[in-house]
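Take a look at the structure below.
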């Protein structure tokens, strides 16, 4: 049962659990074995296990047993312009568990010019009191100066944060400059953290938004029209370039378009340390809904970068996720009510951005990628759990079924079929962007911290039972290549003697003035004579005074063998 609203609920006490007859699926192998769990950890894996009494046995009946999902991108209980998203940490993590996700990583979004540490502590207080599953935190850098740099160092050293997001969009609010990007990436690379980017060209978006409003386009379609995918792609390319120059690992959040996905794929093939995170929405649906006649429906899809209006985009992004060109998945779950979205009913730039997806994420990927033959079950585990654990330095505690790992497990039924509906989803949002979609693949049993959270379609969650899981810096999965490159890229000056030859005398020219004679033209070529325009023989009609007179500066070149009768150069 749910304990929402009750105070001082004790944390979950772990049960002794035995899963029998399941097929264990990790990212690198699948095999049949039983699993014994105690005190929130996996204690034994194998056949004919000897276990103590008082064990609850779960018959898997040959079904897949996979590591619990890790959703790397959520926005629960996020403040926005005096409002708060409708899914707080209780409702949001409850929805996560219903979909097979046993850990989330939420974004701390400090107000511009405010303290990152204070915002972090606020998020910790909210999540500790309400989260039903384990969680970690990213911290967004919404401004940059020496004080923020010191806070970043402290958050990494003392607070268990190893990832920070910067915004290349939201001009005059969160957007940072290229110089600041360079400084932030340099700082994070030295500290062993992961640089995340929201990649869009904010300057051009601001211009396009103004243009759309001047044209009278005020509805949700204006959102996607003012943010074409080229602006996402340009920012991705720029971020990859700056990250490469600073030797900092780059993580692109919310990959929404073919162009952005292709750039990440190409950069990885060239050896760049870059990771791409598509979200439930970009994997499961397209942006044609922005043109819906129903304003509330169209507004429900507003998120940034926007969903692509190209209906072939989800299939394309799933293919890149299946092939490993994109590495992991999040939901970017950020839900507002229709009334909250309606503050932008007359101006699309004021519509609060965000879509649902934490509950649907794993089923969407199974249906769109595994059931269609693009992806095997092991890659499914990789992109929904294991790769996230490796990138954020949680592996093998999370993201793997092995002795000593946390007992966060899901018995997955590949044959289950469910129809998505806002009437029965766990989110508090009135609208579900996947409404009516039939999805193959669903969790039968969800175990978190060794406790059964979902069984027989019923949730058994406890508010505040989730633990904060600290993420340490210098993840091997991310930084082994970075460290090797630092050794190879050790720069040294070339030893040479002092130059003692002549030095050209460069006279400084006042700004806007005429350059001095010594600075005009090429130093290796004499300056040509200057014609006095007031004495020119040029006329608007008729022959010119100097017509037929060959200029001393004109070179006449004859072809080899002399002039031909075909071409006259005289």
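Backbone N, Cα and C atoms are what each Cβ position is placed from, and that goes for glycine too.
Feature annotations, courtesy of Swiss-Prot:
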- 259: phosphoserine (MOD_RES)
- 431: phosphotyrosine (MOD_RES)
- 499: phosphotyrosine (MOD_RES)
- 506-570: region 'Disordered' (REGION)
- 509: phosphothreonine (MOD_RES)
- 514: phosphothreonine (MOD_RES)
- 518: phosphoserine (MOD_RES)
- 522: phosphoserine (MOD_RES)
- 533-544: compositional bias 'Polar residues' (COMPBIAS)
- 536: phosphoserine (MOD_RES)
- 539: phosphoserine (MOD_RES)
- 541: phosphoserine (MOD_RES)
- 543: phosphothreonine (MOD_RES)
Candidates 431, 499: member of the modified residues with the richest Cβ shell (10 Å): 431
Other CB atoms within 10 A, centred on residue 259 (phosphoserine): 19
Between residue 499 (phosphotyrosine) and residue 431 (phosphotyrosine), the C-alpha gap once rounded to whole angstrom: 73
Residue 499 (phosphotyrosine) in three-state DSSP notation: coil
Between residue 431 (phosphotyrosine) and residue 259 (phosphoserine): CA-CA distance (Å): 29
